[in-house]
Amino acid sequence: MTPDMDSKLRADHVSDDAIPTPAEPGHGARSSRLEIPPLVVAMTRERRIEAENRLRRKIDIRLLPMIILMYIMNYLDRNNIAAVRLAGLQDELDLSSTQYQTVISILFVGYIIMQIPSNLILNKTGRPAIYLPTCMVIWGIISGATGTCHNFSGLVVCRFFLGFIEAAYFPGCLFYLSSWYTRKELGLRTAVLYSGSLVSGAFGGLVTAGITSNMDGTKGLRAWRWVFILEGIITVVIALSAFIVLPNFPRTTTWLTEEERQLAVYRLQEDVGEDDWTDSESQSFFYGLRLALVDVKTWVLMVLLLANVSSASVTNFFPTVVKTLGYGNVETLLLTSPPYVLAVITTYINAWHADRTGERFYHIVLPLCFGVFSFILAAATHSVAPRYVAMMLMVPGVYTGYVVALVWISNSLPRPASKRAAALAFINAISNTSSIYASYMYPQPQGKVQPNLTLPLSVDCATAALAIIMAAVMRIILSRLNKKLAKGEHVEGAINAVPGVAAEHGFRFLV
């Protein structure tokens, strides 16, 4: 999914395609129809630069570290089911391959059902600092309770409700970030957020390996139970601290000064020429969803993300994939970490460069090309060295461009806030439907039997290729819309499409 923390001011507009035409910082475009707040209009250029940099640092410090921690636990609690298979879960509960696949896929049923309602609720209330940590406390309790399951039915119930509650977090955070940062600042911040999932993938296997080696049988419990219990406790503790640290939206964060509040609100207005979240009364549950569904860009992005997530389904079973190398359980869990570490590095670099250059298409497509190559290599060989090279490329290949694709949603459907919230949730929800059917593509045999992964790897390769095609379609659509905007023509759904205003602010879609 996926940038640098530079100023919104003209001097830093290296890559923004939505640059307001020459404007004095703090004063917007001279002929702008935006109402400039009094404390902002009084700022000199130097004062505006200093104030905006200080505001951005303040929000970065309060927001980014906490949402990374929260997402690490969100992803860990959701995906540790793959690692605990090697820690005794499947054997102790005597789960067949189909039952284990159902346990994995049922989470995404709940996850899909709740994403759109959750984002609309978040947009309506305007209190993410309360809403998101509350959801986290609940999913932490459910995660811990999973360690007490004694049969297939109990495991399915816990996994369904875990997905139902966890659905609030990721699309909620994407909307959350887009309510604080300008479009050219979103890439790096989204990469920072998504690095939480990659870090959890890198260290989740290490944690499970450590618990398997040292706690199996402690207090009469198998290692897999301790994984769920300990991670559930940690999740609740982090959630309680999040209530104190996180900000709400710019207009509802109490610890901002009035000057900071006015600047935080205005710089988002200035970025696209239209106000963002104002108050709960102005947010309609269904109006934004309707706007999102009638916009063709939503559907193109939906197919793009669906194909990308489908190709990334290999990570839901990554320990099983690595196990085909023939190593023991602990060694296998350790070998799952390096691909995620590489993915963290490539994701940061790619997202930073995407924001630096203002380009989106190639930053999505080029990583996917490596993904396509890795799937072909893994399916075509059974030798250990080239197969592990393929595994090293799989995770970066499917995730590095994914972060930029997520940012492309907010870039292409920025206003009104209710439309952006609905689009983010809708696209993320539909894209995760692939995890339901993909769960049944990867066999999970009991014992030491190694599954044949040629078919699932081939499907992942095909869906990665489809994502590349849809990115090309999206680029063509946005390029044509930009040409219309350059001619002063009305573009439905574009910010500043009101006659005269688009020209003043120079809005262009990022391609």
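The backbone N, Cα and C atoms fix where each Cβ goes, and this holds for glycine too.
Annotation comment: TrEMBL describes 1-31 as region 'Disordered'.
The compositional bias 'Basic and acidic residues' annotation in TrEMBL covers 1-16.
What TrEMBL lists as transmembrane segment is 59-76 (among others). Long-range contacts of the transmembrane segment (59-76) within its own chain (CB-CB distance under 8 A, at least 6 residues past either end) are made by residues 5, 132-133, 136, 139-140, 166, 169-170, 173, 176-177, 180, 189, 192-197, 199-201, 204, 207, 231, 234-235, 238-239, 241-242, 245-247, 264.
The domain 'Major facilitator superfamily (MFS) profile' annotation in TrEMBL covers 63-482.
Here TrEMBL flags 103-122 (among others) as transmembrane segment. Long-range neighbours of the transmembrane segment (103-122) within the same chain, counting only residues 6 or more positions beyond its ends whose Cβ lies under 8 Å from a Cβ of the stretch, are 78, 81-82, 95, 128, 131-132, 135, 152, 155-156, 159-168, 171-172, 175-176, 285-286, 288-289, 316-317, 418, 421-422, 424-426, 428-430, 432-433, 435-440.
Annotation comment: TrEMBL describes 129-148 (among others) as transmembrane segment.
Taken from TrEMBL, the feature transmembrane segment applies to 160-179 (among others).
The transmembrane segment annotation in TrEMBL covers 191-211 (among others).
Marked as transmembrane segment by TrEMBL: 223-246 (among others).
Beyond its flanks by at least six residues, the transmembrane segment (299-318) meets 79, 82, 104, 201, 336, 339, 364, 368, 371, 375, 391, 394-395, 398-399, 401-402, 405-406, 408-409, 412-413, 423, 426-428, 430-435, 438-439, 441-442, 444, 456-457, 459-461, 463-464, 466-467, 470-471, 473-474, 477 of its own chain at Cβ-Cβ distances under 8 Å. The transmembrane segment annotation in TrEMBL covers 299-318 (among others).
As annotated by TrEMBL, transmembrane segment applies to 330-349 (among others).
What TrEMBL lists as transmembrane segment is 361-382 (among others).
Feature annotation from TrEMBL assigns transmembrane segment to 388-409 (among others). Within the chain carrying the transmembrane segment (388-409), a Cβ under 8 angstroms from the stretch's Cβ atoms is held by residues 1-3, 174, 186-187, 190-191, 194, 198, 201, 301, 304-305, 308-309, 311-312, 314-315, 318, 321-322, 325, 335, 338-340, 342-343, 346-347, 350-351, 354, 360, 363-375, 377-378, 381, 420, 423-424, 427, 460, 464, 467, 471, 474, 510, all 6 or more beyond its ends.
According to TrEMBL, the feature transmembrane segment maps to 421-442 (among others). Here the transmembrane segment (421-442) has Cβ contacts under 8 Å with residues 98, 101-102, 104-105, 108-109, 111-112, 115-116, 118-120, 122-123, 167, 170-171, 174-175, 178, 288-289, 291-293, 295, 298, 301-302, 305-310, 313-314, 316-317, 320-321, 409-410, 413, 451, 453, 455-456, 459, 463 of the same chain, all six or more residues outside its ends.
With a cut-off of 8 Å between Cβ atoms, the residues of this chain six or more beyond the transmembrane segment (454-478) that come close are 296-297, 300-301, 303-305, 307-308, 310-314, 360-361, 364-365, 368-369, 371-372, 375-376, 378-379, 397-398, 405, 408, 412, 434, 438, 441-442, 509-511. Feature annotation from TrEMBL assigns transmembrane segment to 454-478 (among others).
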Which stretch from 129-148, 160-179, 191-211 shares the most C-beta pairs under 8 Å with the transmembrane segment (223-246)? 129-148
Mean pLDDT across the domain 'Major facilitator superfamily (MFS) profile' (63-482), rounded to an integer, is what? 89
If one takes Cβ-Cβ under 8 Å and requires six or more residues beyond its ends, the residues near the transmembrane segment (361-382) are 2, 304, 308, 311, 314, 321, 346, 350-351, 353-354, 389-394, 396-402, 404-405, 408, 453-454, 457-458, 460-461, 464-465, 467-468, 471-472, 474-475, 511
